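Accompanying notes for the structure given below.
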Amino acid sequence: MSATSHPHRFEGQHGEVKVTTRSDGIRRIRVRSWVDLAHALGWCVAIDRPRQLDVLRRTTQGRLAEVRGSSAVDSDVYHRRLGLGRLGRKVLEGLPTSQVELAAAFARGVKAVGPPSLRDWAPVDSVSVAQLFFEQLSSDGSELRMTEVLRRTLHPSVVEFLLCGADPGGVDASGQEVDRPWPELPFDQLRSLFESAPIATSGHRLVVRDTRPAGSNAWAVSDGRQTVLANDMHLPLTEPPIWYPFEAEVAGRAVAGATVPGLPFLVVGTHDRLAWGFTRLASDNADLVELPAELREVPGRPTLPGEYAERIETIHVLGAEPVQLTVRDTMYGPVVGTLAGRALAFRSSLLDPSALDFGCAGLGEAGSVEEGIDVVTHSGLPPVNVVLADAAGVVGVTVGGRHRRRSGAPRGFSSATATEPDRLAASELPRLVRRDGLVLNANNAPESTRDAGLGWNWFSSGRALRISGLLRSVETPGSVDSHALLQLDTDARFFCFYRDLAQRYLPDRGVFAELLSELRSWRMTAECDEVGLALLVAFREVLRESLFRALTVRARAYDPEFVYVHHGHEAVLRQLLSEGLAAGLHPPPWRDARHFVGAHLLMARDVLARRSGGPGPVRWGSVNRWSPDVAVGHPALVDGLAVELAGCMESVLVAAPDFGASIRITAAPGTRGGTISIPGMASERPIRETGHAVRRWARGETSPLFESGIS
């Protein structure tokens with residue numbers, strides 16, 4: 001629908017629904033109830049994002065190969081094994097009537113105007129979309145397998161070192177620095193592992209899996225009278241974007257923000273009295289249960305540790321023969337793998353039908369930060385941090401999700417005979433409310449979250465520390481535009497450590513002279529025109545892979561699937577490269593630290609040459625590019641689009657070739673001030689139209705959260 005289209009009116013459950021379109025393509029909706037807003041959202045999304053809407057539900061239900069062919073079979077196998085489609089029906093059955101009404105109203109809107117592929121849309125499909133979001137923000141159990149294998153193969157002191165929770169420069173929820181000391185090196189044990197490590201060869205599978213911190217940056221500031229909230233959520237980038245922005249008037253209340261196509265409520269945004277945003281909480285929400293050696297098949301539902309029931313899943317594939325999948329279900333969850341001949345079952349809040357609901361739709365009625373926190377802590381959400389700000393000058397932060405009582409220490413496998421821990425009560429979840437000052441989260445774990453035992457595999461506080469410093473240097477609360485500008489900060493001094501490492505050990509002559517000159521030319525940002533950053537990023541990658549590969553030889557011999565997925569490994573890596581190298585700790589075949597560092601800088605140069613297509617200094621933007629795929633779109637819509645991205649994985653402006661700020665939003669509750677930006681348009685459009693919007697997003701340009709009043 002064009003921006004100049006006439007208003008559309010139709011009847012909702014509680015009165016007339018009116019839909020218009022802003023000049024920037026964002027829908028504006030006027031309704032008399034939240035149920036009718038859900039109806040209108042279904043109507044709008046079915047027109048604007050029909051392909052995406054179908055793909056999102058099919059992904060969770062394991063039916064994507066029906067329309068995408070063989071390329072989607074692996075995804076379908078994974079989701080059929082988890083049984084998320086069957087689970088979605090159980091989730092729907094357990095929802096309160098008021099939440100079912102939202103999903104039913106959304107379905108009415110979709111079926112009223114959607115194409116034939118969406119005419120069977122049902123309330124359970126909204127649950128499927130929520131499950132997909134839940135999955136993206138949850139553990140897949142890989143950190144549990146890593147811990148178990150390390151404990152079975154390495155000295156306890158090495159395991160403690162490799163999994164340490166050190167976070168130098170840590171930050172709490174109010175932006176204050178917290179001292180979390182560097183880990184100590186177990187020199188003798190590390191030396192033994194390095195000396196016995198074989199010489200690495202090329203072509204091997206990577207040991208370090210750098211899990212990206214989906215969830216991202218959120219902060220709120222107050223001067224005691226006014227507040228501003230900012231949130232940018234980092235997810236895999238898609239075209240069309242995963243977020244659907246809209247503006248609304250609900251029973252006279254001004255509302256603006258975004259939802260995920262398929263969800264029947266405002267997910268992130270603001271209304272007259274409250275604003276809220278999310279980041280991922282890397283919580284301990286999964287178990288890998290080691291099953292007894294002897295298993296027996298039973299009819300019906302397994303009720304004992306050694307029992308399983310078999311189900312056959314048939315995956316229909318466009319243009320190919322169907323794929324048959326045999327799944328073993330246990331009393332804990334599906335069997336997802338084996339280790340040392342023992343089957344492993346996956347148990348997770350993702351697979352708990354009572355852990356998911358649409359309760360956070362109640363944020364639309366919450367009138368204060370305290371009320372918003374009450375809504376969040378009683379809702380069935382993925383593991384998230386939630387930052388809030390209200391029109392009375394109060395800001396706050398809490399966590400969402402239903403969490404088991406854990407120790408907060410690294411865990412391996414769970415015993416089949418152990419009792420599953422009980423849930424933390426809503427009142428036990430950490431929260432902070434302030435009437436002036438700031439609250440923030442950037443995927444880091446403040447002390448209150450750690451003390452609650454919500455997890456252990458935390459991301460570092462680097463971005464949070466930078467954000468805290470930026471916020472303390474600006475006027476409080478500041479304008480929404482000033483906070484939108486902070487979201488674009490590209491400071492990348494994180495990589496100064498690696499520049500200094502090269503300068504400390506390498507001579508400024510011969511083959512290294514040109515490389516060191518390239519590093520010196522770097523201005524310590526992640527702007528697209530920077531030279532030197534791409535080399536430093538590759539340098540860090542090859543260094544950590546070399547060191548952690550050598551230290552985990554025994555783990556990989558025991559488990560060919562072993563990967564090192566410790567989110568907080570930067571502190572470990574820097575200790576190895578500072579104290580460790582100084583003490584002669586490094587893998588063969590290098591004679592000393594200088595040869596080790598020099599060889600890896602040359603490796604980084606070669607890696608970068610392969611990525612960039614040639615030798616010589618490389619601009620950051622030439623390798624940090626996003627070429628949209630068609631995961632949730634259509635090939636004709638995105639073919640040929642590519643943009644250079646400022647920012648990196650360690651700057652406030654997070655960006656990688658296929659990852660970044662899926663939405664940036666700022667809001668000042670009570671004022672209708674705010675900004676919003678997504679990597680594309682509100683509707684599915686051809687490349688000639690959407691390319692301009694993607695480039696505007698890449699440049700940091702925004703649209704107003706609210707236009708003029710709805711008439």
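Backbone N, Cα and C define each Cβ position, glycine as well.
Just so you know, TrEMBL annotations are computer predictions that nobody has curated.
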Among Glu143, Glu160, Glu177, Glu428 - the residue TrEMBL places in the same Ca(2+) site as Asp284, Asp287: Glu143
Cβ-Cβ neighbours of Asp284 (Ca(2+) binding site) (radius 10 Å): 23
Neighbourhood of Glu143 (Ca(2+) binding site), C-beta criterion under 8 angstroms, separation at least six: Pro410, Asn457, Val565, His566
Cβ contacts of Ser216 (active site, nucleophile) (under 8 Å, same chain, 6 or more positions away): Asn231, Asp232, Met233, His234, Thr279, Arg280, Ala442, Asn443, Val654, Ala661
